[in-house]
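Just below is one structure, and these are the notes that go with it.
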């Protein structure tokens, strides 16, 4: 070895490291979320069918094993009071509780608590241990039970094991195997921060963000006056599931805390009674943990050494577990029966007066003004404590609306139980979608309004000859094909893959509020629905019946067939919901801000139009190629929401051609913004200066963004005209059937098999 030569072999850096595109261009349009639907990310393979696996599950044996686990305390993580029930309730609650009704994202639907960022949130400290306690059971039952189902079912079993009968349980949540990058959790850069979601929020804390005295070291005597929580967020702080249990920004004001609670739980689709029941019911079990300040804990699981094998927050205080556990920084046991359902939470809340104190970790909490020591110690049977509560607990008494509800429950505990188990069931199942996805022997018979129920099909479905007849009749009904296409799209594209709401089934496009949404062009919609109802009435006078939901989709499909000159698959079986089956207020959250496929809407100062388009495509469960081909096809079909010519880059509108891409990528065009908003653009011939087209940001992004342009170029090629039509038809069918969970598990993709009966 020559002198000066490094004795250590040079090792190159590795893939994925170094300065990334997002470092150079932090505001670039990110299409990575459209790649989350790639089945290659699933180690179980693209043909894995969780529904079929779940049907093989010995459900009773699983519940028996979970019941046994509740009291099988492990030395490496001992059970409080000898029972893991409180821990597992928190695990299930924090899995499902990330759901927000605004965009349907979050929730426990695919087991995201296992991945970043949720697995490292300050509010999820110690849940790494809860999931590890479950691993032997998950390993035993394997593919028959997903992590997503198991975490929530375990919370249910925990309640039952402590004397709280539940409302039921439905399985059917298939696991994902990667972090969901689509969810906007907030713009704060420090744990427990709120300075982005609130106009005058706090910066947050350094270190690992365990909630203790850190967050209110800056003297604040009054709660913040601006509590307008940023949309679509529900949590009050970065890294919390709900609200700050110490009070707004750590200020122990129960009345102010009630405001945050109402906002947060409201955005989870819970009313005041459901909110109060969840807090009271959840806090009837277990305890919080704040044995010492957070300086005693190590990094979160994602930041820890390999030797910890996914564990985080290693605790150097005392034994590091049991009585020395540090989780939230609060040290509260709410009732004298922490492993048994009772009404003692409310009894104590109203029996005692409360005074502020500091936990051993320095957090604000409340202790009863009494000499009674009636609360058991979690690990020493000879020790008793005074009752304690959180600031958010006192809100259940101090807020007038909550106080009215909870005082009644003090005298009528059965009403509390009924409200709690229903709210708990809703919490766990709000993002499950239609009942056709619900699996298992404990699915409740009672149909609930928040399910967005649709009637079950009755009688024989329409067959091939019926479909052919109806296609002819809808095309002869005097409605322009473009209007039929727009209406079918409007009906089906209300679907949200996040919480499986919306879609064409139910024909809710004819009901409030969807019939009045601007994007659905109410005047035109009424015209189309009237014509289709006429066709339906005539057909239904015979022996077979067709739902309006099916007819809306069939009419759009027939119009696409006419424009494409190829057969477009159609699968009947939809039914029509009633207004009474529709929670209009809840459905308001499904109204789109933009729909780039119909060239509708525009961005804001905070979010660009094209970012909203990618967001919409993700909610529709589309890939980038599907987003591109569907947009180009809808433009060629003249399907803009208002019939405008923006982006209709063709001399033959109404025909399914690739003209949109050919003309968008024409080098002879020069585009200029029509005004300072840069939402509308005009395309000029470079030589003559003649204006040829107008376009919006919805259109021009496909020529500007490198990845989207690469796909657009593919469809603009002379040898891909047939591919364009084929891919558009496949994308159309996908949109029309996004909510058809009743058929998705019965067959593979239609495009791989051709049109099989009764699909046409």
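Along the chain as shown, the residues are counted starting at 1.
Cβ coordinates are placed from backbone N, Cα and C, and glycine is handled just like the others.
Checked against Swiss-Prot, the range among 185-205, 206-226, 227-247, 248-268 recorded as region 'Disordered' is 206-226. A 10 Å cutoff on Cβ-Cβ distances gives residue 94 (active site, proton acceptor) a total of 22 other Cβ atoms nearby, all chains included. Residue 283 (heme b binding site) and residue 90 (site 'Transition state stabilizer') are 10 Å apart (CA-CA, integer value). Secondary structure at residue 283 (heme b binding site), taken from DSSP and collapsed to helix, strand or coil, is coil. Looking at residue 283 (heme b binding site) and residue 94 (active site, proton acceptor), their Cα atoms lie 14 Å from each other.
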